[in-house]
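These notes concern the structure reproduced below.
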Amino acid sequence: MLKKRYLVLEDGSYYEGYPIGSDQLTLGEIVFNTAMTGYQETISDPSYTGQIITFTYPLIGNYGINRDDFEALVPTLNGVVVKEASRQPSNFRKQKTFHEVLQEYDIPGISGVDTRSITRKIRNNGVLKAGFTDEKSEIDSMIAKLQSVELPRNEVTTVSTKSPYVSTGYGLSVVLVDFGKKQNIVRELNARGCNVTVVPYDTSAEAIIRMSPDGVMLSNGPGDPEEVHVAVEMIKGILGKIPFFGICLGHQLFALSQGATSFKMKFGHRGANHPVKDLKTGKIALTSQNHGYAIDKASLKNTDLEVTHIAINDDTVEGLRHKSLPAFSVQYHPEACPGPSDSNYLFDEFIDMINEYKTKELTNNA
């Protein structure tokens, strides 16, 4: 008889399936991701720290997992939910199965459940707390635990680097503030010749200025931006002194530093096919997204920020630019991985902004 596993939700519902991955059972906020591919990059994205991911695509793991495509050295999510997990993947780059990697990193999961039903529940009711148990007799106690437990709202401290390190390049010097960065951000900067110094999330503005970088990148990361107060103060300190570009959580922190506010979304944006409109050009780009918080558009009225991009599906803010200083941000992931590369050009715009600022500084000092 096959062993059973149960996914239990705080609203009192539960789903019966089969165990995959680790037997180290956990709980967390359950969310859904609509991407059809890129499950390796998804489970290793630090922005999912503490969450349980429901994959809406029905077959996960069919091309295996390799050592090169991780977005972080160690995945930090709390679980996965799939309709079916492939045990016999086929791909020339495959080194391990999805199940083996979940076991290696102590990530529990469940398969054989109705992921469409779970996704509809989250879409209609909002994200929920959820947990796993292998004993049906424990379901009631798990529901009570979920209804009373407070989940962490600031996971940045968990995933940020503890000390600075360098990813060497031959050109511009960029400081990347690590709130839970994806490795492909570093790859994209290195591909443009940037010498990247990755620093902890709580690095002060004074410390960054002493490094004399040409630019600063504010990375993605997990959790509630309102909880990362130290970064808001740092951004205030570098604005106007060093050009910077914010992505995802970095975008939200940029907005908060200028007096805007954020809010928790009902079910967030998580997937690789979210359409975003550039308000300047009118062009639509398909983007990779992973966020459960957004910036309140009304709160931008009395700031020096202008909205540059909006989400087509729900009209939420997807991009900002300072009206007079060299700083901009996007809510989505231009580095993709997984997802389309429609917005990869934003890294080039960042480089152009740095060079324009350097030229202006040279002219002013001449």
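Heads up, the Cβ atoms here are built off N, Cα and C, so glycines get one too.
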Need a hand: Swiss-Prot gives G221, G223, L249, Q252, N290, G292, Y293 for L-glutamine, which of S13, S22, S44, S47 is also on that list?
S47
What Cα-Cα separation, expressed in whole Å, is found between H333 (active site) and G292 (L-glutamine binding site)?
14
Pop the Cα-Cα gap between E335 (active site) and L249 (L-glutamine binding site) into the table, whole Å please.
14
Other than S47, G221, G223, L249, Q252, N290, G292, Y293, which residues of the chain come within 8 Å of the L-glutamine site, judged by Cβ distance to the Cβ centroid of those residues?
G180, N220, P222, D224, P225, C248, H291
Pick the one among the binding-site residues G223, G292 whose Cβ has the fewest other Cβ atoms within 10 Å in this structure.
G292
My understanding is the cutoff is Cβ-Cβ under 8 Å with a sequence separation of 6 or more in the same chain; which residues meet that for C248 (active site, nucleophile)?
S47, S219, N220, G221, N290, H291, V330, Q331, Y332, H333
Densest Cβ neighbourhood among S47, Q252 (binding-site residues), 10 Å radius:
Q252
